[in-house]
């Protein structure tokens with residue numbers, strides 16, 4: 001079959017991708033520079049009054065600000081903010097270095113495993129081997145594939161770790177600056193928090209794209225025309241990214257919830273002191289946790305999704321007409337989508353930071369939601385452009401042994417349906433987790449009769465919130481697979497992740513605002529400043545839930561695309577659930593998310609028990625702590641969280657990483673295909689339910705605390721029986737929404753990409769037990 005060439009020439013593609021990545025990195029540096037202009041140091045008296053007058057005039061509070069900023073107290077407050085910021089930054093850095101030591105050890109061991117398993121396929125031979133898909137042609141030796149897969153794995157792992165670390169550094173750099181800007185009005189604080197989130201979003205999106213692009217070109221120098229081997233080796237990049245994300249998500253999640261649960265149970269429930277009160281010994285650990293869990297963990301997670309969806313699409317494309325005919329521009333279609341995504345997100349960001357200014361509290365959440373809508377709309381145009389310029393009108397896509405004829409407009413629809421499904425999932429998540437809507441208000445109302453009914457209502461909400469997202473994912477899968485087989489599913493996942501820079505900016509904004517509120521409380525700033533940071537934080541809670549929805553939805557599509565690539569590479573023609581080998585795998589796979597969740601929940605519970613005991617001990621034994629005349633021992637609580645999380649993240653990590661190796665080696669590829677399918681189907685449901693249940697309980701508590709409506713006032717105030725019931729629900733939900741739920745999407749992706757990387761070994765040597773039975 002003769003196919004027309006793409007309009008965009010190879011040279012233009014070779015320029016577009018790195019230039020887009022460079023623009024993304026430059027934009028991140030610019031945002032960081034603008035944030036750095038806010039100084040975490042006391043201003044001279046004349047400077048302070050000038051800035052107060054300018055900033056306060058807009059908010060109609062200039063007299064208040066001048067009084068606050070010119071007073072002697074201002075000097076002490078700024079110094080206190082700087083001191084707290086340093087403590088949080090040092091705590092987060094210390095934890096990540098400890099975590100990365102464990103992750104580095106794992107990375108080394110697993111890199112050796114990849115090399116040994118894949119190299120042994122042809123007995124570590126350096127001779128060329130027959131190609132798996134292109135019959136009659138020879139491909140590079142298995143040993144070369146083993147070596148390059150290992151290098152790709154290390155590249156992905158290092159990029160994931162660096163992404164998480166830089167995100168944490170930016171967040172801890174911006175938290176106190178957001179607090180100080182809140183003195184000048186909520187709009188100023190919003191800009192600092194959002195710009196800081198944008199630094200992380202654009203750095204991660206651009207660096208992930210650039211490293212993948214460089215790896216493809218460097219590997220290509222050796223592989224030459226063997227694109228089948230080249231892109232099979234590149235899948236190691238996705239495995240490296242996701243394996244590090246697992247440690248970031250699980251370790252960070254255990255850390256943050258250990259501190260949060262300990263601080264809440266003793267501080268709020270027993271001592272009746274406010275959240276982030278400096279008298280609470282666990283308060284620094286709690287604020288550190290926001291950065292290592294919600295920032296570093298989420299960054300690594302979404303990087304892993306991006307890397308895996310790109311790798312899945314590239315693997316399928318390499319054995320389709322793009323790869324067979326060596327058409328470079330269509331082959332790079334997934335990277336072109338990501339390149340246009342960076343530009344689309346850059347335009348979108350300007351709407352929040354430059355084109356429209358947030359002036360009132362009630363404008364914060366709409367401004368963040370508009371980011372999602374604008375980025376989706378702009379990106380739809382971008383996808384149409386890339387599909388027109390970067391694809392031939394007609395081409396063929398590999399479809400389980402056959403070649404399916406596809407048109408460029410069909411691929412456009414696949415990417416667009418993934419993009420818009422992400423928006424639908426985001427807004428459904430918001431509906432079920434924002435206290436502006438009836439589901440969360442009903443959960444809050446159930447607190448009238450105690451914690452038990454609150455828990456019942458919260459669980460019911462989580463289960464119900466699964467329905468529409470699953471229909472959205474199912475529709476995306478059906479349409480994209482019908483149009484372009486598994487390649488369609490892979491690019492649909494990429495479509496959902498194409499606005500990753502904006503999604504991460506919104507997601508990182510939440511923990512930065514949360515930290516800003518904690519710093520305001522600990523620094524003894526006025527109630528008005530705390531109200532502003534609370535307003536920023538409340539919007540951030542909802543956007544964090546939306547971010548988790550995106551991550552879970554994209555994980556489902558990515559996992560299915562990787563599953564399809566694995567089945568093709570392993571030589572499986574059909575996955576028949578009536579076959580005992582497959583069915584037992586299906587049952588075990590569906591059980592794995594429950595086992596994994598049990599491990600992570602128990603880890604948080606055990607560590608939180610130690611934290612509660614330590615916080616109680618300090619309140620009982622340090623004279624003057626409750627009166628505020630003595631300082632708590634923050635360092636001990638930070639150490640409890642660090643020790644617990646690094647120790648407890650290993651068993652869940654081992655479960656995820658060892659399962660495909662054990663099942664593939666001993667039971668074979670058919671049983672492993674059942675395990676992957678079962679884990680995908682049950683894992684997505686549990687992840688959505690857990691995240692939304694926890695988010696709803698959190699916002700039900702905040703709804704009562706804010707007392708913004710007559711209904712909310714009737715449930716409050718803080719310290720009432722209703723509020724105490726809401727705090728219990730929030731505490732139960734913490735490990736659900738920040739540890740188990742978000743980690744599950746890594747479980748389903750990581751098992752699938754690991755199976756794909758090891759597929760050649762499993763296809764050759766797998767099923768040892770069944771061979772001898």
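Backbone N, Cα and C define each Cβ position, glycine as well.
If you look up TrEMBL, you'll see 15-35 (among others) marked as transmembrane segment. Below 8 angstroms of C-beta separation, residues 8, 170, 173-174, 177, 192, 195-196, 198-203, 205-207, 209-210, 213, 332, 335-336, 338-340, 342-343, 346, 349, 353, 501 of the same chain, each at least six residues beyond the ends of the transmembrane segment (15-35), sit close to that stretch.
Here TrEMBL flags 102-121 (among others) as transmembrane segment.
The transmembrane segment annotation in TrEMBL covers 141-168 (among others). Taking Cβ pairs closer than 8 Å, the transmembrane segment (141-168) reaches residues 92-93, 96, 100, 103, 107, 110-111, 114-119, 121-122, 124-129, 200, 203-204, 207-208, 211, 215, 219, 222-223, 229-230, 232-245, 248, 291-292, 295-297, 299-300, 303-304, 307, 504, 508, 757, 760 in its own chain, all 6 or more past its ends.
What TrEMBL lists as transmembrane segment is 189-216 (among others).
The transmembrane segment annotation in TrEMBL covers 331-352 (among others).
Within the chain carrying the transmembrane segment (372-389), a Cβ under 8 angstroms from the stretch's Cβ atoms is held by residues 6-8, 333, 336-337, 340-341, 343-345, 347-348, 351, 408-409, 411-412, 415-416, 419-420, 422-423, 426-427, 495, 498-499, 502-503, 506, 546, all 6 or more beyond its ends. The transmembrane segment annotation in TrEMBL covers 372-389 (among others).
The transmembrane segment annotation in TrEMBL covers 409-433 (among others).
For 454-478 (among others), the entry in TrEMBL reads transmembrane segment.
TrEMBL lists 484-506 (among others) with the feature transmembrane segment. Long-range contacts of the transmembrane segment (484-506) within the same chain, counting only residues at least 6 positions beyond its ends with a Cβ under 8 Å from a Cβ of the stretch, are 24, 167, 194, 197-198, 200-202, 204-206, 298-299, 302, 305-306, 309-310, 312-313, 316-317, 320, 333-334, 337-338, 340-342, 344-346, 348-349, 368, 371-372, 375-376, 379, 382-383, 397-400, 404, 406, 410-411, 414-419, 421-422, 476-477, 543, 546-547, 550, 553-554, 557-558, 560-561, 564-565, 568.
Counting same-chain residues at least six beyond the ends of the transmembrane segment (550-572), those with a Cβ under 8 angstroms from any Cβ of the stretch are 132, 232, 235, 238, 298, 301-302, 305, 308-309, 311-313, 315-316, 319, 398, 400-401, 418, 421-422, 425-426, 469, 472-473, 476-477, 485-486, 489-490, 492-493, 496-497, 503, 669-670, 672-673, 676-677, 680, 684, 687-688, 691, 741-742, 744-746, 748-749, 752-753, 755-756, 759-760, 762-763. Per TrEMBL, transmembrane segment is recorded for 550-572 (among others).
Under the heading transmembrane segment, TrEMBL lists 578-596 (among others). With a threshold of 8 Å between CB atoms, the same-chain residues lying at least 6 positions outside the transmembrane segment (578-596) that come near it are 652, 655-656, 659, 663, 667-668, 670-683, 686-687, 740, 743-744, 747-748, 751, 770.
For the transmembrane segment (746-770), the list of distant contacts is 114, 117-118, 120-121, 132, 142, 145, 149, 153, 232, 235-236, 238-239, 242-243, 245-246, 249, 301, 304-305, 308, 311-312, 315, 555-556, 558-559, 562-563, 565-566, 569-571, 581, 592-593, 596, 656-657, 659-661, 664-672, 675-676, 679-680, 683-684: same-chain residues at least six beyond its ends, Cβ to Cβ under 8 Å. Summarising the annotation, TrEMBL assigns transmembrane segment to 746-770 (among others).
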Seminar exercise, completed: Contact set of the transmembrane segment (409-433) with the rest of its chain, CB cutoff 8 A exclusive, min separation 6+ beyond the ends, reads 333, 337, 369, 372-373, 376, 379-380, 383-384, 387, 391, 439-440, 461-462, 464-465, 468-469, 472-473, 475-476, 479-480, 483-484, 487-489, 491-499, 541-542, 545-546, 548-550, 552-554, 557, 691-692, 695-696, 698-699
Exercise. Are there 3 or more C-beta pairs under 8 Å linking the transmembrane segment (331-352) with the transmembrane segment (189-216), counting only pairs at least 6 apart in sequence?
Worked result: yes
